[in-house]
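Asker: Could you have a look at this structure, given as structure tokens, before my questions?
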Amino acid sequence: MEQASTMAEPRGPVDHGVQIRFITEPVGNAEMDTLRRGGRRPAKDARANTYGVAVRVQGIAGQPFVVLNSGEQGSDSFGVQIKGTNNRGPPGALSSDSELPESTYSHAKEFPARSQGSMSDEELGAHWNGRLLRSQSQASLKGPAPVSPSTRSTSLLQLAPEVASPGSTIDTAPLSSVDSLINKFDSRQGGQARGRTGRRMRTLPPEQRKRSQSLDNRLPRDTLDEREHQFPTHWTPSTKRDSHMGNSKQSSQNQGPLGGFSCSRQTQDWVLQSFEEPRGRAWDPGMLQFKSTPDLLRDQQETAPPGSVDHVKATIYSILREGSSETETSVRRKVNLVLEQMQPLVMTSGSAKGLTGQSELSQKVEELQQKLDEEVKKRPKLESSRLGLERQLQEKAEECSQLQELLERRKGEAQQSTKELQNMKLLVDQSERVRCGLEAQVKELQDKLKQAQEPEPAKEALMKDLLEARELLEEVLEGKQRMEEHLRLRERELTALKGALKEEVASRDQEVEHVRQQCQRDAEQLRRSIQDATQDHAALEVERQKMSTLVRELQKELEETSEETGHWQSMFQKNKDELRATKQELLQLRMEKEEIEEELGEKIEVLQRELGQARAGAADTRQMEELKKELCQTQKELKELKEEQQNQEVAGRHRERELEKQLKVEADRGQGLEQQNLQLQKTLQQLRQDCEEASKAQVAAEAEVAVLGQRRAAVEVTLRETQEENDEFRRRILGLEQQLKEARGLAEGGEVAEARLRDKVQRLEAEKQRLEEALNAAQEEEGSLAAAKRALEARLEEAQRGLARLGQEQLALNRALEEEGKQREALRRSKAELEEQKRLLDKTVCQLNKELEQIGNDSKQALQQLQAQLEDYKEKARREVADAQRQAKEWATEAEKNSGGLSRLQDETQRLRQALQASQADRDTARLDKELLAQRLQGLEQEAENKKRSQDDRARQLKGLEEKVSRLEAELDEERSTVELLTERVTRGRDQVDQLRSELMQERSARQDLECDKISLERQNKDLKSRLASSEGFQKPSASLSQLESQNQELQERLQAEEREKTVLQSTNRKLERRVKELSIQIDDERQHVNDQKDQLSLRVKALKRQVDEAEEEIERLDGLRKKAQRELEEQHEVNEQLQARIKTLEKDSWRKASRSAAESAQREGLSSDEEFDSVYDPSSIASLLTESNLQTSSC
């Protein structure tokens, strides 16, 4: 198409304040032909015709008023437009309809002026006060540069220069009717400047005062296209209202779906208003009722010839009026807008390509700006998270150092316990040596008893004692066998522990190497990740949540470890106290041993004295030789005992060496652990350095946080492993303590056996002394009878006192037994309470398992639903992509079919390409939304995995609780066994008391026998005295004297025997007193042990309660996580609904574009190439354009 005029300058903004159109009467067909061929109309006919004035004024909310006035006799119609800036007044400053002039239009016919090059939403005309020459073209007006937004720019009539007549100028006299109309419109605003501030009064320079070119002298299309290529800006409406209002520069640079058609400022303003104005405005009947004049377009339809602009307007008006309830003004506005939009269809493909390139560049600039803003927002958050992680790493390093100190302390305590074990083993060896010596002495006494076979009561007593000694020896041998078996078991356990320790050390070394490799790999990944791109924000949030949960768990674990360390410290203090008590007991035993050795030395000295006396007074040498032989045998036995003692010492040293080796192995393992801790500290330092480097690199902040999380997880794993190793050391220390306790028990049993053997030895020694004294009894004198009598009386008194003491001690023992029974009942009650607590714990564990199973099922169902939704979305997206591709293929085929046509088909294909790009952009947004959904799903899956991990942790905790319960049961069994041992000891004590009673009865019977012997001796003494008195008077033979001497010797022997029995009774009384003291000490120790066990059980019960509370808190936390997951699922459903709505809108838009393109292509195929203008303004293409959803009327 040919253009009306050319412009030297670039086009400026068009004012929508006032538009004036001169309407003339129609002319004949000949004149139309001349006009179409570019000819001029005669001046006479132009002056003879009448004309009307159509004035458009901006009204309420951008809706125009149409006022028609009759004109004067003059020239034909000229299109005139008064231009100004596009500043709109506020929507509230509106005027009523009465202030506008009424329509006085009386003509029903007008000539349709042909305006191919018009760029406004109405035809433009020019009014001249004087004689105007007709050029069949409208003057293309140009507004000045924009001024300040507070004042509107005035209008200026500026005509394009005419090449044919360079000397002619244009009269720019003001228009009175237009000025009066403008003044009346501006006077209604009440002092507020609305629309234009006044008419432009700028005078044109002489080089611009030229007439417009006629149709014969128009520029060719090439120059017009070049001028249109010089348009600097192309506007694209934004989809958001606030973005357009906030940033006009970005909106001016973008290009929307109508950017390919925008060739004038008025079209741009219409598109802007279509995106800004609400949809309800067009349907408000109160807003659409405007005052209008008779229908001009209907009159034009009656007279306009086919193919002209008025004919096109009439067809558009008829199409829009059919079946619509809108007012005439809105329909006319739409008609003008449709004409405006159809003009850019003639644009060349080069300009469209430039527009598309600019739109793509603007989109890229916006995307880059958004990315920069997001990175700037993310940077402070990442820096704060990095600082928090560094603090946490420092805290973990401090905790590692504390754990190392605890390990060193516990190693020292283990060494002390091993030393004490060695001491206990030495004591046990010494007791075994003493036992062997006593056995040798017993054998000697047995040999002597076999040699002496005289049937005397003393020998019978000796036989009984020997039988008892044999029983005791058998018991001691059985205990020895048990001890040996126990020691063998311990040695086997030690060997097994050695193998297990070696395996654990090897596995630990492998794990350390694996951790080192992982650390190196992680360091390399860190260095690589510093150079990589940033990750998504959703993944960051998920990682932060994980880090927060991990920090909370670590804090809980730290609290638990602190509590456990306090508990273990208290246990160690108790063990230290017990070790101190055992040391004191050992010192007491040593003192008693020294006392016993002193007593033995005194007895040996007494024996030596008696032997000397026996040597002096013995008549035979045979007895002396026998005594010498016995002494030699005793010396040999002493040597054998010394050799056995040396052998036992060698065995003890060997055991000590083995224990030292075990301690060295454990120390080496502790050193390995320390080295591992040092390596962990080094890795932590490396992590800190990496963190500092990552803080310098702002771009890789998110990747750094992720890698730090992994590193921290590895450190936490290593810390947990160290804690487990510490627990293993604690268990080993407990095992050593148990071994100590068992050794103490064995030592106590050995001491008891030693005491019994000592008693038996003392008895046998006393009997030996009595036999030796019996040999020398014949040599003692009668004078010792009185002293023996007195001594017997004193001894009887002492025996009575000892019996009273024994009765008191028996009462005390009965009371102690009653107290022990009460303690046993209390233990039974505590046992029942513990069983009830165990039952409650089992119930809570079952409940926790059920709740965990329910949570797992819920999470699985939610995951399945999300997966199904994802699959649905994927299928929908695939279908949409396939539909879009099919439509694109159809459009491409249509474009290929119509490629041989005219240039308008190229424009259409370009527009279709732009629509395809827009649809591809929509698809990209849909894909982005799908990716966001996928990332959300990944986050939910990660949360589900976290829940599973928490469930596994709960299961582990439950297993730990079950193990603790089993330990408590084992400890209860141990308590039962200790109670049974106590009962056995009590029964033994009772048996010993019974034995003491029987011994007392024997002593009483012996005392009675002695009293009887005393009485008989007194009688015999009296008889002897009487006989002496009678023998003084006469001499008796020597036979009677010899008899008397023999009787005297017998009496002396009896007295010596009685003295010996007294000494034996005193020794037995002393032994009984010592035994009672030992029993009382044992009972006190057992009471303390029972109390300590009660305290331990109470502490464990408290710990179990605390663990139950923690389990309940964990359950509450899991419920909170489940609720959070449900909320996120609901949010995901909402997002899905929004996406579905968006997809529906995209489908509608694509369907509309496809139908429009199909209609336009069908209409273009039926058109001829000769009638470009008619084909462009065809009613079918107009109808396809009017079907767009975003088509709305713009203000003037």
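Here the Cβ of each residue, glycine as well, is placed from N, Cα and C on the backbone.
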Asker: I'm validating the feature mapping. Which of 539-561, 677-699, 884-906 is tagged region 'Disordered' in Swiss-Prot?
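Answerer: Checking Swiss-Prot against the ranges 539-561, 677-699, 884-906, the region 'Disordered' one is 884-906.
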Asker: According to Swiss-Prot, region 'Disordered' applies to one of these ranges: 759-784, 967-992, 1123-1148, 1149-1174. Which one is it?
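Answerer: My reading of Swiss-Prot: the region 'Disordered' range is 1149-1174.
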Asker: DSSP-wise, what's the residue breakdown of the compositional bias 'Basic and acidic residues' (1051-1061) into helix, strand and coil?
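Answerer: Its residues fall into 11 helix, 0 strand, 0 coil.
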Asker: What residues, ordered by sequence, lie under 8 A Cβ-to-Cβ from Lys576 (N6-acetyllysine) and sit at least six positions away in the same chain?
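Answerer: Spatial neighbours, sequence-distant, of Lys576 (N6-acetyllysine): Glu413.
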Asker: So what's the mean pLDDT when you look at the coiled coil (355-1150)?
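Answerer: Across the coiled coil (355-1150), the average pLDDT comes out at 72.
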